[in-house]
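What TrEMBL says about this one:
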DOMAIN    B:87-480  domain 'Cation/H+ exchanger transmembrane'
TRANSMEM  B:12-33  transmembrane segment
TRANSMEM  B:102-122  transmembrane segment
TRANSMEM  B:134-155  transmembrane segment
TRANSMEM  B:202-221  transmembrane segment
TRANSMEM  B:233-257  transmembrane segment
TRANSMEM  B:269-297  transmembrane segment
TRANSMEM  B:317-339  transmembrane segment
TRANSMEM  B:389-415  transmembrane segment
TRANSMEM  B:427-445  transmembrane segment
TRANSMEM  B:457-480  transmembrane segment
TRANSMEM  B:597-619  transmembrane segment
TRANSMEM  B:625-653  transmembrane segment
Amino acid sequence: MYLSVLDSRQSLFCSSVSFEQIGILHKRFKQLSHNEDTLRRDDLNTIPDLSCNPIRTQIIEAFFDKRNFHQNGEGTVQEISFEEFLVVMSHFRPPALDMTEEQREIIRREKLRFLFNMHDTDNDGTITLEEYRHVVEELLSRSGALGKETAKGIADAAMLEVASISMGHMEPDEFYEGITFEHFLKILKDIEIETRMNIRFLNMDTTNLCK
Amino acid sequence: KGHTQLRLSQMKLAVNFLTIGLVILSLPCGSYTEIPPKPPGSVTVLPPVKPAGGPQAFPDAENSNLPVFTMDYARIQVPFEVTLWVLLASFAKIGFHVYHKITFWVPESCLLISIGLIVGAIMHSVHEEPPAVLSYNVFFLFMLPPIVLESGYFMPTRPFFENVGTVLWFAVVGTLWNSIGIGMSLYAVCQIEAFEVQDINLQENMLFAAIISAVDPVAVLSVFEDVSVNEQLYIVVFGECLFNDAVTVVLYNMFIFVADMPVVEPVDVFLGVARFFVVGLGGMGFGVIFGFVASFTTRFTSNVREIEPLFIFMYSYLAYLVAELFSISSIMAIVTCALTMKYYVEENVSQRSCTTIRHVVKMLGTISETLIFFFLGVVTITTEHEWNWGYIMFTLLLALVWRGLGVLVLTQIINPFRTIPFNFKDQFILGYGGLRGAISFALVFTLPDSIGRKKLFLTTTICMIMFTVFIQGISIRPLIEFINVRRTNRNLETINVEIHSRLIEHTIAGVEDLCGQWSHYYWKDKFLKFNNRILRKILIRDNRAESSIVALYKKLELQNAMEILDTVSGDINAGSSIVSLQYVYPLSPSSSCSLSLSLYFALSLILLLSLSLACSPSLSLSLVLSLTLSCSLFCSLFCSLSLSLSLSLSVFVH
């Protein structure tokens, strides 16, 4: 049954993922979902390696976020199929050697869109100060006993930076509502995300080694 | 801009007075050392000057009073000459930076070698030997460690560990490929009768190939640090030149050992491979051990803050020396020591010590590099050469060809394992950026004299170094722009970028855990956990695990505060002043720059003349030289005075 899935989604991965690798991902999917056809949040919550990751909740939410399914949907779902799992994973494919600049730009936008969706939990298209603060707090939650004040200060400084880069000089009574996707692209354009946010899909079957 | 020009001229005046002082000091030295030791039995017609060797009883024949002014040059000779040489090289460096355009297009290494060539020519004409800076002991024990320490200390760790496989692959296998390839081909070339080099046997050829195939860290770093290529390419070039030392050491020792033996047995090859692992892993092991010991020591130095930087230097130098003791790769030892040490030490020591350490490491490294290139120029002229067109040309050609082939083949093999494969442009720069430098020269210089054609090897090495440093070094920057290699913007210090870098790393680690696909992020994550749980508790004093985001935030806040202080105290409204100052400055930049340039070259010439004066034996020559130097001194003094006068006049006029 999954061969038909593979046919339709192979094009999504272009040439960077082979049939064997999709097969291995399928095995892992089955292992996580306990041999059912759909994956739920609880299945992912129980992965032990993931428990010490500071942004665990955001990552798991990203898999259930309809905006990442490339079908112009919104909101979240309770369970996902293997197809949707692959679509989310396709955000992490590395750019191929022979890609043109436009194709690289498309991939870059896609990856940055994934990150943006991780921030923007209420789906309104902008990252407000509260949402940004929440992310910074989560990131810093594992490293020492930092108060909420430090995280707040850092998030404020970061928003100020974005404001000054995107809007230039602002009048004193102007209020910066939130980071839109275009501003997000602008502040992160130097980060070379297409070379850093990649997962190399292995040919080795690691399902026996994972828990 | 007018302010800076004024300050520049003041600086030049100060430098002039310094030079005058130095020259006056060295002038009497010239006339002093000209007094030859008297053969026994002849009549002394000496003026009543104290002889060399410190205080002695005067001969009874001379009834002299208490000397008011005495001199003893021989006592201070060695440190004095060392200081003069270092100063001369540093003046040359100041001179290059006066005119900004030169250092943009011509790397400093080339300029330093040129100045060295001039000095070498002068020393050769007065038949004086240069100080033995590039001899084995001085070079490898004193000149090389600071440079390698600097490159190890400032190596960007994250890109290094992400690309460590590629780095080691190129360093080890690449150097082996080059050595064996060049050695075999040179042996084939030697068989051609027309070149008259048939007496070089296979072992000697392989030895020579091992020496010149290693890419040199000094030359490469001085060229690549100003040119911004993309991060992966930079770290591979950087890492390769540091880590190929293990292979070079093994091959060099192996072929020296074997060059005397008529027959090579297969056992020796096998032993060579075993030795390679001992050398490489031993070097890294020693480095890590000393790094940890240094970090542990700094945990307890909170009451002796003044000598904290000392521990860094002593431990890294100790790592180097212990590695040299066991003839394992000392460069790898000191690099791994610096890499391990840096992270923990910078958390333990005070802010001031941290700044001091960075500053001194950079200073020592720069001075060493300057001196090495300078003396490369000097010894080029003063050593004896043996020229052989065929051998030299073929060596140059073969080195280029084999490096190019090596890069192509090796990249094809390793590209599938890389997340970001190297395209052809990257490969070209990787191959073209393989510069040779002073390490090869020092190794050739100390070849045993049992090798018949040592002078030929010396000449070929010098040609190789000159060719790569000058031609490849100068052309690499325009080439990089011409073929449009992917560049990295290195100014990434904003909080947003840092936050999102961490976010990306955690996301990737999380998704990898989720779908069971492991890559280096997984190992990095595991290592960080081990680090936080065990290593930090042992090695760091108060274990406040600080995120890099917070560290960067603090640093940026500090910078902001300092900037605010600067503008407030300077009392200048930053926006408008630059525009207004543009029109104050009357003298055209180019003419003043060329004037300053000639001034600095004159200064350098003065210093070197004073040096040769200090060594020259004959009276007339020293008189002539002192006359010329006084003339040039007054000329330069006049020039700088007039320049500063005209500048100040123009400022007042406007």
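From the backbone N, Cα and C atoms, a Cβ is placed for every residue, glycine too.
Through the fold, the transmembrane segment (B:317-339) approaches residues 140-141, 144-145, 148-149, 151-153, 155, 157, 160, 217, 242-243, 245-246, 249, 253, 278-280, 282-284, 286-288, 290-291, 294 of its own chain, all at least 6 residues removed from its boundaries and within a Cβ separation under 8 Å. Against the transmembrane segment (B:427-445), stretch B:457-480 has more CB pairs under 8 A than any other of B:102-122, B:269-297, B:389-415, B:457-480. Only sequence-distant pairs (6 or more apart) were considered; of these, fewer than three Cβ pairs between the transmembrane segment (B:202-221) and the transmembrane segment (B:269-297) are under 8 A, so the stretches are not in contact. Taking every recorded stretch in B:102-122, B:134-155, B:233-257, B:269-297 and counting its Cβ pairs under 8 Å to the transmembrane segment (B:457-480), the highest total belongs to B:102-122. Only residues 6 or more beyond the boundaries of the transmembrane segment (B:233-257), in the same chain, are considered here, and those with a CB under 8 A from a CB of the stretch are 148, 151-152, 155-156, 159-160, 163-164, 166-168, 170-172, 174-176, 179, 203, 206-207, 210-211, 214-217, 220-221, 224, 268, 272, 275-276, 279-280, 283, 327-332, 335, 422, 426, 429-430, 433, 439, 443, 447-448, 485-486, 488.
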